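Some features that Swiss-Prot has for this protein:
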type	residues	note
DOMAIN	3-120	domain 'MTTase N-terminal'
BINDING	12, 49, 83	[4Fe-4S] cluster 1 binding site
DOMAIN	143-375	domain 'Radical SAM core'
BINDING	157, 161, 164	[4Fe-4S] cluster 2 binding site
DOMAIN	378-442	domain 'TRAM'
């Protein structure tokens with residue numbers, strides 16, 4: 001009988017990438033096939049996020065729901081990975097003693113032997129070490145699920161922003177060798193992938209060894225990826241303003257495959273708060289980078305992350321954040337109320353802003369950025385957009401959907417599955433709050 005794997009992923013795109021590689025790994029080494037139903041699974045894995053307190057609470061709530069499955073099937077293996085696993089380690093079993101395997105982002109390649117050991121010894125297996133970049137040497141060739149794929153180019157972060165747990169849960173920055181990244185992308189394009197998203201906690205900090213002993217920076221990596229056969233679009237995330245260099249800006253102007261969309265987190269528009277966060281740049285320096293980028297690529301859209309209610313944030317600080325939003329005109333944001341994370345420097349700061357004030361500020365910020373995003377979408381009405389068709393529409397099986405280079409989901413009436421994985425031109429007829437609708441112009445050239 002075929003053994004089944006159920007995997008649930010919380011958090012960032014790095015976690016999504018890691019989960020996909022776990023599927024590849026366990027498919028090759030243990031012949032596990034993915035199921036969408038945890039009650040069918042022989043192995044259940046939870047890939048976790050610890051960026052906010054609610055995300056961490058969600059982990060133990062989910063584990064609690066799986067406890068009955070373990071009681072009904074003692075041979076079921078339950079594993080917890082990701083940043084909560086890295087942060088909590090064996091302590092996870094204090095609250096969920098039925099967990100069999102605890103592994104960190106850098107040790108997921110050891111899953112097959114950890115699962116085997118848990119089964120044979122009937123004892124929990126815990127490995128949350130940081131063996132640098134070893135995991136990539138132990139992972140099989142990636143499988144493909146559609147025309148787009150994530151590729152991790154580096155791990156960890158060395159910025160140590162005062163609010164962030166990433167350096168403690170994923171380690172410091174370690175870059176994959178240039179040739180390794182290019183090999184993985186070539187393996188993907190050979191299987192039909194046309195768009196890659198390069199991933200890292202701070203991709204701008206990429207410093208990968210080259211075959212001739214040099215160190216390639218991120219701009220060089222972008223040019224090298226663009227030179228590969230079959231690559232028609234390149235995205236990347238996440239970036240840090242401090243290392244968003246002139247060379248990267250030039251790459252945006254020079255590389256046609258680079259999309260006209262950039263996620264460049266700023267977190268706050270207040271220099272005082274930015275200093276308290278240890279972001280090591282000012283709001284003016286951030287705006288200067290954006291101005292230079294827009295001079296090179298006038299129609300590029302910018303998104304960001306924002307933290308509202310950081311300890312000590314005053315009304316003036318928030319007004320400065322809103323001023324930055326007005327000046328830049330962000331298209332989208334991941335924005336949240338500050339969540340204190342144990343072990344970070346900011347956890348020791350006095351948080352004296354009332355919760356209601358934080359909620360009000362967040363609502364104001366999100367409303368304004370949503371306005372900018374919708375304005376950008378409405379400007380696309382009447383234009384022709386080149387989209388990469390990814391799948392059928394989730395809400396209407398009579399429609400296909402894809403994404404523009406400016407990161408807009410477009411739905412259009414068509415039931416021809418041959419278009420999935422292809423680039424097509426779509427006339428944009430209408431802008432909705434979270435997507436566009438259009439009309440397919442000509443699919444006669446699609447084979």
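Backbone N, Cα and C define each Cβ position, glycine as well.
Features as recorded by Swiss-Prot, highlighted on the structure.
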residue : record                          : Cβ contacts under 8 Å, 6 or more apart
12      : [4Fe-4S] cluster 1 binding site : 49, 51, 238
83      : [4Fe-4S] cluster 1 binding site : 11, 15, 48, 49, 50, 51, 105, 165, 166, 169, 170
157     : [4Fe-4S] cluster 2 binding site : 164, 166, 167, 170, 172, 173, 201, 202, 205
161     : [4Fe-4S] cluster 2 binding site : 267, 277, 278, 279
From the centroid of the CB atoms of 157, 161, 164, the recorded [4Fe-4S] cluster 2 site, which same-chain residues not already listed sit within 8 A by their CB, in sequence order? 159, 160, 163, 165, 166, 167, 201
So if I draw a 10 Å sphere around the Cβ of residue 49 ([4Fe-4S] cluster 1 binding site), how many other Cβ atoms end up inside it? 21
Excluding 12, 49, 83, which residues of the same chain place their Cβ within 8 Å of the centroid of the Cβ atoms of the recorded [4Fe-4S] cluster 1 site? 10, 11, 14, 15, 48, 50, 51, 55, 82, 169
What DSSP gives for residue 83 ([4Fe-4S] cluster 1 binding site), in three states, is helix
The domain 'TRAM' (378-442) resolves under DSSP into 6 helix, 35 strand, 24 coil
For residue 161 ([4Fe-4S] cluster 2 binding site), which DSSP three-state class applies? coil
Under DSSP, is residue 49 ([4Fe-4S] cluster 1 binding site) part of a helix or a strand, or is it coil? coil
For the domain 'MTTase N-terminal' (3-120), what are the DSSP-based totals of helix, strand and coil residues? 68 helix, 22 strand, 28 coil
